[in-house]
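A.B. asks: In case it helps, TrEMBL gives these features for our protein:
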REGION    1-38  region 'Disordered'
REGION    44-63  region 'Disordered'
REGION    78-105  region 'Disordered'
COMPBIAS  83-94  compositional bias 'Basic residues'
DOMAIN    136-218  domain 'S1 motif'
DOMAIN    234-297  domain 'S1 motif'
DOMAIN    320-390  domain 'S1 motif'
DOMAIN    406-479  domain 'S1 motif'
DOMAIN    496-563  domain 'S1 motif'
DOMAIN    583-660  domain 'S1 motif'
DOMAIN    675-747  domain 'S1 motif'
DOMAIN    767-836  domain 'S1 motif'
DOMAIN    880-944  domain 'S1 motif'
DOMAIN    1069-1143  domain 'S1 motif'
DOMAIN    1167-1238  domain 'S1 motif'
DOMAIN    1274-1348  domain 'S1 motif'
Amino acid sequence: MVAPSKKVASGKRNDSTKVFKSSKKPFKKTKDDVAARSEAMALQLEDVPDFPRGGGTSLSKTERKKIYEEVDAEFEAEERVSKRSKGGKPKMKRNPSEVDELGSLFDGGLTGKRPRYANKITIKVTKLLTVNISPGMKLLGVVTEVNQKDIVISLPGGLRGLVRASEALDFTDFGTEDDENELLRDIFSVGQLVPCFVLQLDDDKKEAGKRKIWLSLRLSLLHKGFSLDSFQSGMVVTASVKSVEDHGYILHFGLPSITGFIKKSKDGNQELKTGQLIQGVVTNIDKERKIVSLSADPDSVAKCVTKDLSGMSFDLLIPGMMVNARVQSVLENGILLGFLMYFTGTVDLFHLQNPMCNKSWKDEYTQTKMVNARILFMDPSTRAVGLTLNPHLVGNKVPPLHVSSGDIFDEAKVVRVDKSGLLLELPSKPVSTPAYVSTYDAAEDEVKKLEKNFKEGNRIRVRILGLKHMEGLAIGTLKESAFEGPAFSHSDVKPGMVTKAKIISVDTFGAIVQFPGGLKAMCPLQHMSEFEVTKPRKKFKVGAELIFRVLGCKSKRITVTCKKTLVKSKLPILSSYADATEGLVTHGWITKIEKHGCFVRFYNGVQGFVARSLLHPLFRFELGLEPGSDPSSVFHVGEVVKCRVTSAVHGTRRINLSFMIKPTSVSEDDSIKLGSIVSGVIDSITPQAVTVHVKSKGLLKGTVSAEHLADHHDQAKLMISLLRPGFELDKLLIIDIDGNNLALSSKYSLIKLTEELPSDISQLQPNSVVHGYVCNLIENGCFVRFLGRLTGFAPRSKAIDDPRADLSESFFVGQSVRANIVDINQEKSRITLSLKQSSCASVDASFIQEYFLTDEKISDLQSSDNTESECSWVEKFSIGSLVKGTVHEQNDLGLVVNFDNIDNVLGFIPQYHLGGATLEHGSVVEAVVLDISRAERLVDLSLRPELINNSTKEVSNNQSKKKRRRGISKELEVHQRVSAVVEIVKEQYLILSIPEHGYTIGYASISDYNTQKLPVKQFSAGQSVVASVESLQNSLTSGRLLLLLDSVSGISDTPHSKRTRNKSSCGVGSVVHAEITEIKPLEVRVNFGQSFRGRIHITEVDDVSTSEEPFSKFRVGQSVSARVIAKPWHTNIKKSLWELSSKPAILRDSSELNGIQVREQLEFVNGERVRGYVYKVDKEWVWLTISRNVTAGVFILDTACDAQELEEFERRFPIGKAVSGYVLTYNKEKKTAQLVQRPLLDIQKSIANGGGCKTDNLDNSIPGDDATLFIHEGDILGGRISKILPGVGGLRVQIGPNVFGRVHFTEINDSWVSNPLDGFHEGQFVKCKVLEISNSSKGTLQIELSLRTSLDGMTSDQLSEASNNK
């Protein structure tokens, strides 16, 4: 651990402060040397500004005085020895152990005092011998962060260096623009060991008194002084990948005339990228061609030791080089090693072989002991070398750290007590971690002697301050104040957090405060008070402790506020746009005032706007001002305000606010929204409509047309005849707003799906089915309206399945319909619909459910004048129960039955349900209840033995004989396919029984929304039908089991198997019969089995993707056969979807697929032709889905070569369009390919002559390497002008994602013109021809292009003919 530092006079290094270094000349002390050294030590102890990694000085005056006295005493003693020698007094014999360590390296030829301390890296002098970091130094570091524009490197001693993107590589020309945003992340990774070169040290502008270390990873600086003779077999060197070839990689050493090569591994595990830094062992040196061959085997690199070579200079030492070393002497804080014949270096305490060594560590390093060490740093100016014995670094790996900043350990063990601090063992998992606590951090007060307070083996509580990655060491503190604060690291800081902080400095821009854990934050001048602060130093006193609230923490910069309203606010914190929900009330502060409103800022940079709005003939301002008032006269910037979120669009990061916390409006229409549910009281009734007073503060009026009273036309007519003024309608949907007039609907189909009803064309998706209503009929088609004025048109050919039918006889205005969205034209705002039952059939039982609910409403209206006893007769009957009655009348249709004690209610037994019994007038019968009609006060009964016997079995002995209820079989489940028998045929529905489930009674509609006026299929009692269970018995179904006939939904009546859907297997590989519920652009949603949901991806429809519209043969409600190919990946059952396939090849053979998950193609080769469907288009790329999980991108310039077609790029690729192309690159890891739409020609004549397949770094947003492998001389390409070169330079034209070519001044026009560049501009699309491809002297590609139309293939006719030949 580096001792607490003193401040020095300046950042410049003094030659007299250099560390002990090797020399071939005898070293003799002189008086001048002693004086110079004394002066140097005095300079080291002078004050200088603080630098990073260590904070301010921690030495007290007593400690500082003691150091001065020790240095003076040492120099005075040396002067006395020197004077005695001059006086002729005999010299004292020296013990052999006192011989200088460097002298022992040269046969005792050197004399002098041994160094007492090991070299340490620091940017401020700490204690005696240190290495002050300076430009030109070489160090070994580890990558801790990879950002867009820089890399953060952790250096020895806990220092932190920065590498600009331009200093990361010697070469950045990969055929790309100067954009390193994604380049750094592709070739560098966190935890990577890299050798660094110090460029400069700058003062940190953000934090006074601290400095930044700027590093370079360029090998030209690291290998400066290297020549071909410097490379030796078995030597480990660092290189960067210059290019990727067929059998290996071309390497760059930073030397102009020397290149390297490394073979690709046979197993394919070693995948290198262009620009990547690697370490390799030299295996062969071709001096004629100046090629050095390497092997990058990690084990060989880690074990390779640099050989002792005669004449090896200091400049050839590289950080990370492993050497055999011999212990020369043991120092106070490390050891001195000799290596490579005549070099010496030091190892400090934290780089020994045992990171947690105790006080007896010196006993482990006897003189002449041989060890393996790795070079940690070297300073050419002082020839100081630092080594490490850390077993992880010696093994060429970063020491692991199993702790994080801010962690607290209650049982840390004291391993060693030094003068400068404590070494602790932290009980981390899986292994212990060493930590060090400096004297400054050992206690709140100054501790002079740690030995008195701490003993080896003690258990203490410690908190982690930071980490030293190169040492594998944690820095801790024992101060009680460190355990008090809620935030110790930046990750602990949350917006809105309230904490106490101490003011440490005040300036004109604000105040710097410090949290109890040590974190620093800034309180801007605007947030120092509720009011404007002109003299902040009077408001805030240094050292004062106040309560602050965190405003945000971005890039480790924390801002806080001291405004009392914000600090004491109990309202919710708005710290992200996702948290902005309508109606949220919170505090914010005004940042800007304009005439049309105010900008209000919240936590974490979230911002909203308070605007004036005109919602009524009277002005209403969200600012709460009177009309004509100026906002700036009432509000001021910085003012804390309470506001309410009126609306938020998270995608566009827009929040609309209001200062009116409880808005009051002159009428209620400002709270009425399209699609909202309201209630109202009937005001007046006409044969065409009902006028209601909407329940609101303004008592708005709304109109419900007669057709909108119910989904069933006959029930709507009956409803309007029964309604009276004063009746209340509880659920009304606002379907249109015209000024102060509301258009309302009571249709159950619309109210049930309120959230799914579209009000804007952008909310519609092709192939989706949406509920609406017919608003107009013409001879050529039918107009269907949704919410508001959003209207679609169904042409005659798409309105009905029968082309001969008359539209006026098939539909009526106001009819509820299900519409299939066929086409959407955004530009013309046209929506084409289909109303065919084959594509719009219902997938649930909502149509019949609405019928029974409306029947209850009609019954309530009819009995509104009756007493409660007259209305309670329904409670005495239940579906499936046994009741007794007396035969009142017998006719050809059946028997009429009376019930005891129930007036005006009749029972009816049809002839089919007499069960062969002969009954007379007055006979008592016990029958099963099949149906109850509340409006007609009629009960349908049955005497069939099978129905009565099954009902009798379920009658409990404790039940009353007058009322015996029969429950629905527990085996029935929603979406289950069943075989049923028709018991009674009603006008609107069928009464069914399910024999396989105890003759359970169910109900199914015989018509649908779109077929209300069309002739219905004829049914008869006893007929067998197939239906699916859609709703079990509950209050919303009037206690009925609701079914959906296959004949209504468009499915064949023949069941697929004797067992119904609940027996369907859902294992991977099994074939299921699925029902289409929704058709989306890229998938079909289906239901199958026991309430399972799945999808058929667009690529899983046909064996070969040749169909332009794979879903054209499907329709909603259709039953299809499919095979389960994958289990759902989502853990939420409601969101989980099984993957199905309807490909004939997959359905054909079941033996190979049973229980096996079908694998999609994940291997593609260059030139392979693939086909996909468009799922996204942006400005530069069209993205395709090739299979369920594999995507591909086609660059804009690869889609066409004609400039006009490139201009219409986005329009040419609508969502769902089939697009084919040829694989240019494929990233197996990301499952992403890059395609081109022209066939790939001869590879041998390509740009990368002899080059093989490249691995692309594509992702779904920013493609990487362009893989210019298949661009040839003579190709006709689409291009885009990226730059107009000055003078006669010509044009720079982009021809690929990151590939550019040049059009010479003479290749722009066929004939001479005075200024060929006229008419061209940057971003313009052009058609160009490749003239020549060559390599420059720098190794970069040069592509010469031409725009001359006279060249072969540059005309449209020639181009089409060439394409056909290809």
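Just so you know, the numbers here start at 1 and follow the chain as drawn.
Cβ atoms are placed via backbone N, Cα and C, with glycine included.
Source: prediction; values computed, not measured.
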A.B. asks: Quick one: do the domain 'S1 motif' (767-836) and the domain 'S1 motif' (1069-1143) reach 3+ CB pairs under 8 Å, ignoring pairs fewer than 6 apart in sequence?
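C.D. replies: Answer yes, regions in contact.
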A.B. asks: As a quick check of your reading of DSSP, tell me how many residues in the domain 'S1 motif' (496-563) are helical, how many are strand and how many are coil.
C.D. replies: 7 helix, 35 strand, 26 coil
A.B. asks: Is it possible to list how many residues within the domain 'S1 motif' (1167-1238) are helical, extended or coil according to DSSP?
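C.D. replies: The breakdown for the domain 'S1 motif' (1167-1238) reads 12 helix, 34 strand, 26 coil.
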A.B. asks: Restricting to CB pairs under 8 Å, which listed stretch, 406-479, 675-747, 880-944, 1069-1143, is in contact most with the domain 'S1 motif' (320-390)?
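C.D. replies: By Cβ pairs under 8 Å, 406-479 leads among 406-479, 675-747, 880-944, 1069-1143.
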A.B. asks: With DSSP as the yardstick, break the domain 'S1 motif' (1069-1143) down into helix, strand and coil residue counts.
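C.D. replies: Residue counts for the domain 'S1 motif' (1069-1143) by secondary structure: 7 helix, 34 strand, 34 coil.
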A.B. asks: Going by DSSP, how much of the domain 'S1 motif' (767-836) is helix, how much is strand and how much is coil, in residues?
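C.D. replies: Once the DSSP states are binned, the domain 'S1 motif' (767-836) shows 8 helix, 35 strand, 27 coil.
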